[in-house]
Each structure stands twice: as C-alpha cells, then as structure tokens.
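K.L.:
Here's a structure for you.
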C-alpha cells in the first residue's frame, strides 16, 4: 500500500489484479491519513517501513526522515527490552493489545502511549513484519496522575481531619468527665459538710452523756443491779453512736484528695497486709492474681487503700466458716455493660482501655434486694454495733471522684465479686 511515502508498506506489493483491489488500497490509505493514532509498519528486523500522518503528528518525525530507521529510536533506554519481546511475538503470529508504555518524540520529550501490535502476512500467510498502532494518552495520563495526587492530598487531609476530630472528641470526653466529677464532688462536698456538721453537733453531747454515766457509776456506792445494767446500756449506746459519728466524719473527708502517681498492685499488697490478721482469724486463704502490665495512674493512695480494705473486710465477713479471697488486677478494653456507652452519664466508652480490680469471695453471695442497697449510706447487713453502713457508701464516693466505677455482683460458682474500674490517664 502506498500514498506518497507516509503510508504503511506491508513488505509485499500484490499485483493490481483488479480495480476493486486498487480501491481497497486507496480507502485504507485514506483511513491511515485521517487517523489521529500513529500507525507504523516494521519488518522482522524492527526497521520502519511505513509511517502514517498520525505517526508524524505524535512522534514529530517526517516520513522521509524516519523510514528505514530502527523502531528503537522511538523507545526510551529504560524500555528497550520491550521491542525484542514484541518482535518475538510478531514472528510467532501473536498480537499485543493496549500496552500502556512510554515513547520518545523527535525532540526527546517522552509521551505516554497505548500501544497495540499485530503481525502482517504475505499472500502465502507468512509473517513478513508487523504494524504498531499507538494512541497518545499523555493528557489522559497527566489527568490520572493529577487525580491521584489530588486523591492522595484529599486522603491526607481526611486523615488529618479524622485525627483532629478524634483529638477533639477525646478532649470533649475528658472535659465532660471532668465536669461530671466536679458536679459529683460539689454534691458530695455538700453532703460531707452536712455530715460533718451533724457529727460535731452530736459528738459533744455524747461526750457529756458518757462522762456523766461514768461519773454516776463511780459516785453511787453499791448501786442497784438494774441501775448498773441501765448505766452499762447507756455507755454501750453512746459508744455505738460515737462509732457512727466517727464514720460520718470519715465520710465527710472522702472528698479531700491528694493525687499522686501510684500503682494499684502495690496498694493492693499493702491493703492485704492490713487485713492479714483478719484473714488468719477467719481461716480465709488469700490468692493474688495481679497483672504484670498495669501502668501507674493518678490517685489518692490512702483513699484507694481505704476502699480496698473495706472490700476485703466485707469479703472476709461473708465467709464466717473460712474460704478463699481472690484479688485480681488486669488491663482490659471495655465492652457493653453498665456505665459504658455514649450517654453523658456514662463513665467509659466501648473499646476504651481501663484498669480493673476484682475482689472475690467464696461466701454465699448477696440477694438482689440487698445488692441494690449495698452502697446506700447507713445500710448494713452486719449485726448491730459491728458496722455503720458507711464503708461501701464512702468507697463508692472515693471511686466516683477518681472517675471510676465500683460494682458488686454474685459469681456464677458462688460467692460475690466486687469490681472496681479505673481510667488510664493520657500521658
């Protein structure tokens, strides 16, 4: 085929046997000239034998300059291994479709092309060369590159926005927690002031009554037995009242904090040491299952120790015939449960990392009616004179002011479990 020297030469020239064949060749030549794609014919040695007008526009070489040159002049150095492979495919009669690659213009500028290659044959069907059709996709590739860069920038900005949002959410949660703690502290402080006022007002009259009874017991010679018993009852009642008053004073001081860096395991060990005589007397065995990965947190060590001692004493009292007291610590992630969620009153979020302290006994457990009142001030299941009913109420106050929670529930295999959960403060 030939129209000037720009058209592809298949390497063979069939005789013009008929007008019909000439017309077909003319139409093909016209199509080549009109196509925006670069259409290039080569022989089996990679020599350019045909060059369309589209090839001239894309590559910048006139036909008279490029014909007879190796196709390799269009290939960048880092792509030189492509053409030997394509020549091999052509010789085998195979085709290459839409290979996205890079070629060089006459001025050395690289261009992105989509390349398809097919073999050409003579009348006998033998492969005599090939034809390569290249479409300039530089603008498309640039647009894709720009879109990719824009997408990367967008992803980076989205990531930064998500991080900022997470930081804002975390800050908001910390502020909300602090606000709740302040409100709780204010309420408890008011209750504490009231308790302290009542305690001081009652304490002095009780002291006078006790002194008067002691005076009378010594001043009356050989008193009647009924009188002696009555005075003893008054003394015992005053001592019980004084015990309650001391509990009220302790309760009023529960909001006075001195925070410092502390370790829950160390506080638990010290608390266990304080109740070791009670453990021995009650024939209760202590089992420690303390986690090794607990970070320090900000707390009032003496107040937390007071909580742990209260819980241990209650557990020991729940096992009058002896048993096992298990103390366990761990670091966990919160799951669905009480005080966990997105409500304003929830102390924790699902997935939040926390420190958990569990104190378990092997006693008889607690019935539901008792369990729901355990943290009520002055509620106690102990015999008269043995407890004030303020220990658990005070413990709940202390833990709440630390931003944590305390719960008591029955264990599946018997006994009860007290669970205390603490926040892990951000470093």
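Backbone N, Cα and C atoms are what each Cβ position is placed from, and that goes for glycine too.
TrEMBL: automatically predicted annotations, no manual curation.
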K.L.:
Match it up for me: which of 1-21, 22-42 does TrEMBL list as region 'Disordered'?
P.N.:
1-21
K.L.:
If you check TrEMBL, which stretch out of 102-136, 137-171, 172-206 is marked coiled coil?
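P.N.:
Result: 137-171 is the stretch TrEMBL calls coiled coil.
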K.L.:
State the mean pLDDT for the domain 'PAC' (97-149).
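P.N.:
Averaging the confidence scores along the domain 'PAC' (97-149) gives 90.
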K.L.:
Would you mind listing the long-range same-chain contacts of the coiled coil (137-171), meaning Cβ under 8 Å and 6+ residues beyond its ends?
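P.N.:
For the coiled coil (137-171), the list is 100, 111-114, 426.
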